[in-house]
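Written below as structure tokens is the structure these notes are about.
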């Protein structure tokens with residue numbers, strides 16, 4: 001692990017030079033390739049140092065962080081074109097990548113909390129510094145207050161566990177099981193529920209997505225939402241008994257909330273808001289599967305987290321490509337694109353079909369195992385799951401049909417069909433999404 005952390009840290013010295021944007025992007029992809037070679041089939045923590053280690057759960061999410069950060073730099077070519085504080089932008093992204101690697105490889109609960117919160121700072125600066133509308137200040141405040149307010153009880157919970165067990169190490173604590181500490185259970189999981197985000201505490205997400213630049217949206221949808229799921233996977237190892245007692249509450253809220261959010265998607269007119277709300281619906285089903293605490297549920301939630309990271313990041317990339325051409329995110333203006341961006345319509349179709357879990361995407365594998373686990377937990381959930389699956393397909397088709405079909409907006413007179421760079425970014429989102437299903441033991445057999 002240390003070699004990758006040092007590689008990323010030494011990239012910081014490049015920021016004193018000019019014209020190093022694409023070099024940094026190439027270095028991040030080089031680090032990704034080196035990290036891919038390092039795949040271990042070790043289901044326990046390996047590469048252990050004093051505070052850092054890596055197992056199969058963290059491996060997939062660190063790899064996703066590397067991949068998405070490389071693609072963010074490819075997608076944000078506008079920053080270089082307009083020379084919009086390029087080196088500061090690079091610093092934010094590389095610092096965010098470093099924080100994410102630290103978060104996913106922390107073995108101490110307190111270190112995990114520290115880096116979990118630190119990843120918020122560069123995200124906030126990305127939204128405030130490179131966002132488009134003046135409302136980004138409000139979005140930044142929403143993001144900050146929701147996550148910080150929910151995280152304070154987590155800190156108290158961590159110190160309580162330290163006091164009780166004399167350790168904060170995940171491995172040591174996995175042999176413990178906490179009983180009769182209902183308030184501690186709420187303290188420990190509430191921060192992760194907000195980060196996921198669970199329905200009812202999801203209001204910061206659409207705001208943050210709509211105001212963020214393309215890089216902010218990609219990392220937010222791709223990796224930062226997964227921090228919540230990762231935290232729950234780690235914390236539930238010491239809260240199984242309390243989970244059996246209370247988890248039905250979160251499953252009910254998530255499934256009913258998922259259906260309601262899917263309905264909200266159907267009357268969205270903003271491309272980015274629609275994709276952001278669809279993220280909330282997907283994370284609802286991930287959360288439900290996680291809370292069943294079954295083998296299928298945990299594996300399925302992890303698989304869908306990785307699949308959703310690639311898929312929704314690609315969709316935000318597509319929305320940005322349209323926004324750069326049209327100057328608007330409205331579906332009333334971004335319509336009839338099949339007429340003047342036909343080559344891009346293929347990518348819209350492929351990523352939309354991934355979003356509604358069509359085969360052979362990784363989303364399908366995740367959703368099938370999640371459906372299995374949630375239905376085995378209770379037959380009643382079939383009702384809301386049926387609605388969720390149906391509306392998920394409905395709003396994705398609505399997005400595709402409205403944006404690609406119909407008459408062209410009459411105000412458009414000149415259009416660039418798309419550059420090789422944009423097609424490459426989209427292909428690098430779509431390829432792993434469809435190829436990973438061939439190597440699904442990487443996602444499914446880590447328990």
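Cβ atoms are placed via backbone N, Cα and C, with glycine included.
Taken from Swiss-Prot, the feature transmembrane segment covers 28-48 (among others), and the record attributes it to sequence analysis.
What Swiss-Prot lists as transmembrane segment is 56-76 (among others).
The transmembrane segment annotation in Swiss-Prot covers 85-105 (among others). Same-chain residues lying 6+ beyond the ends of the transmembrane segment (85-105) with a Cβ under 8 Å from its Cβ atoms: 1, 4-5, 8-9, 11-12, 15, 18, 20-21, 24, 28, 52-54, 58, 61-62, 65-66, 69, 72-73, 76, 79, 111-112, 115-116, 118-119, 122-123, 125-126, 129-130, 215, 219, 223, 227, 230.
If you look up Swiss-Prot, you'll see 110-130 (among others) marked as transmembrane segment, on the strength of sequence analysis.
Among the features that Swiss-Prot reports, transmembrane segment is placed at 141-161 (among others), with the record citing sequence analysis.
The transmembrane segment annotation in Swiss-Prot covers 183-203 (among others).
Residues or ranges marked as transmembrane segment by Swiss-Prot: 213-233 (among others).
Look at Swiss-Prot and you will find 273-293 (among others) tagged as transmembrane segment.
The transmembrane segment annotation in Swiss-Prot covers 301-321 (among others). Within the chain carrying the transmembrane segment (301-321), a Cβ under 8 angstroms from the stretch's Cβ atoms is held by residues 57, 60-61, 64, 67-68, 71, 75, 209, 214, 217-218, 221-223, 225-226, 229-230, 233, 271-272, 275, 278-279, 282-283, 285-287, 289-290, 329, 344, 347-348, 351-352, 354-355, 361-363, 365-367, 369-370, 418, 422, 425-426, 429-430, 432-433, 436, 440, 443-444, 446, all 6 or more beyond its ends.
Taken from Swiss-Prot, the feature transmembrane segment covers 343-365 (among others), and the record attributes it to sequence analysis.
Within the chain, the transmembrane segment (380-400) has long-range Cβ neighbours (under 8 A, six or more residues past its boundaries) at 251, 255-256, 258-259, 262-263, 265-266, 271, 274-275, 278, 281-282, 284-285, 288, 331, 348-349, 352-353, 355-357, 367, 371, 374. Per Swiss-Prot, the feature transmembrane segment maps to 380-400 (among others); the stated evidence is sequence analysis.
Among residues of the same chain six or more beyond the transmembrane segment (409-431), those with a C-beta under 8 A of the stretch's C-beta atoms are 67, 71, 74-75, 77, 310-311, 313-314, 317-318, 321, 325-326, 332-336, 340-344, 347, 350-351, 354. The transmembrane segment annotation in Swiss-Prot covers 409-431 (among others) and is backed by sequence analysis.
Long-range contacts of the transmembrane segment (183-203) within the same chain: residues 116, 142, 146-147, 150-151, 153-154, 156-158, 160-161, 224-225, 227-229, 231-232, 235, 239, 242-243, 246, 250, 253-254, 256-258, 260-261, 280, 283-284, 286-287, each at least 6 residues beyond the stretch ends and with a Cβ under 8 Å from a Cβ of the stretch. Counting C-beta pairs under 8 angstroms (sequence separation of 6 or more), the transmembrane segment (110-130) fails to reach the transmembrane segment (273-293), with fewer than 3 such pairs. Per-stretch counts of Cβ pairs under 8 Å to the transmembrane segment (28-48) identify 56-76 as the leading one among 56-76, 213-233, 273-293.
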